[in-house]
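Input: a single structure, listed below in structure tokens.
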Amino acid sequence: MFDFKVLSRSTNTAGRVGRLSTPHGILSTPQFMPVGTLGTVKGITATQLKDTNAQMILANTFHLHLQPGEAIIKESGGLHSFMSWDQPILTDSGGYQVFSLGKLNKIDDFGVSFKSPRDGSHIELTPEKAIQIQMDLGADVVMAFDQCPPYPASKVEVEEACKRTHLWLERCVATHSKEDQALFGIVQGGCFLDLREESARRVASFHLPGIAIGGVSVGEPSDQIHKIVRHVAPLLPNEVPRYLMGIGTIREMAVAVANGVDFFDCVLPTRLGRHGTALVRDERWNLRNACFRNDYQPLDTTCVCETCTNYNRAYLHHLIRNDELLGLTLLSLHNLSHLIRFSRAMAVAIEDDCFSEDFAPWQKSSIAHYTW
């Protein structure tokens, strides 16, 4: 039911093109996953999402547990039915969201207890409960419950989080029993490469169908992210997909793919869209700016998404300046299309064995002109 195959490899980098088969379809890699935290990619319908060529989306276990609750979703036929999305879904474990609550939570080896940010009620989340919730939600790929240390954190704090992550992974594996779901483990270790090495070794020892690199994009500078990815990705098994969590800029994506990462997710493209910002080439354009008031060109002349095909910059400027919901949707659609198109361009370059030449600039610094 789950199968991952590497179809092409880059000669001069670790980049690869793959195919992950799931019960709800194929994920072609490398691939960017849109984030649908509450079972929706904000402001976008499932049909519109498919038009961006999105293949798999991420939903958030923590938030869906709080509202509407996994029982409601299970009764509706599972998350695919609930949100009318018939393609692959990945659910994260909720660990990052819980730990981001800071003083609202208490952590020990048993699990995490915290006050609900919605109504103040007391909630306990353990590895067993996180997996049970995800089994009820019915996603194709589910993530182990982990402890994501903040940045910065001392080595002692990060080492403790790693040990707890590995302990919890054992309990996640023991609890997970759904054959039509793939459980992925998560490598932690902060910016300490020796801890990353040990975590990669421990997680790989469980022989899971996929492994994620977690604990990045939590406030550390981009050069630290690159160092972690370059060090950790080669340590992971070749035969399983590698998922870099929380990454959504073209530079980070290019570095990740060059080092053998297969897919990634981020809220950035839709968050920027909701704030009136478009991703165009390697730049971010604020459509509120007056320079777009009488600019009648397509948003991105190289893009064929719904937004760029049908609307000009002046109209988008008008929508954004007047806080029209359509403007936020159109920019979000374009931004998602932009990153998904970039993913596909990297795949084609790997297949043609020109990835190291075509995408080398993106791995070094931002540039203003490109050919994809």
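One is the number of the first residue shown, and numbering goes on along the chain from there.
Including glycine, each Cβ sits where the backbone N, Cα and C put it.
Per Swiss-Prot, the feature active site, proton acceptor maps to Asp92. Among the features that Swiss-Prot reports, active site, nucleophile is placed at Asp265. Here Swiss-Prot flags Asp92, Ser93, Gly94, Gly95, Tyr96, Asp146, Gln188, Gly215 as substrate binding site, drawing on sequence analysis. Annotation source Swiss-Prot lists Zn(2+) binding site at Cys303, Cys305, Cys308, His334, citing sequence analysis. Sequence annotations record features per position, and here Swiss-Prot assigns region 'RNA binding' to 246-252, 270-274 based on sequence analysis.
When the alpha carbons of the residue listed as 'active site, nucleophile' and Cys305 (Zn(2+) binding site) are compared, the span between them is 20 angstrom. Each residue in the region 'RNA binding' (246-252) gets a DSSP state, and the totals come to 3 helix, 0 strand, 4 coil. Gln188 (substrate binding site) falls within neither a helix nor a strand when secondary structure is assigned with DSSP, and so counts as coil.
Listed as Cβ neighbours of the region 'RNA binding' (246-252) (distance under 8 Å, sequence separation of 6 or more from its ends, same chain) are residues 32, 96, 214, 216-218, 222, 225-226, 229, 264-269, 282, 339, 342, 362-363, 366. DSSP classifies Asp92 (active site, proton acceptor) as strand under the three-state reduction. Checked against Gly95 (substrate binding site) by C-alpha proximity, the binding-site residues Cys303, Cys305, Cys308, His334 yield His334 as the nearest. The DSSP secondary structure for His334 (Zn(2+) binding site) is helix. Cβ-based neighbour count (10 Å, all protein chains) for Gly95 (substrate binding site) stands at 25.
Listed in sequence order, the residues of the same chain lying 6 or more apart from Asp146 (substrate binding site) and placing their CB within less than 8 Å of its CB are Ser93, Gly95, Thr165, Trp168, Leu169, Ile186, Gln188, Gly214.
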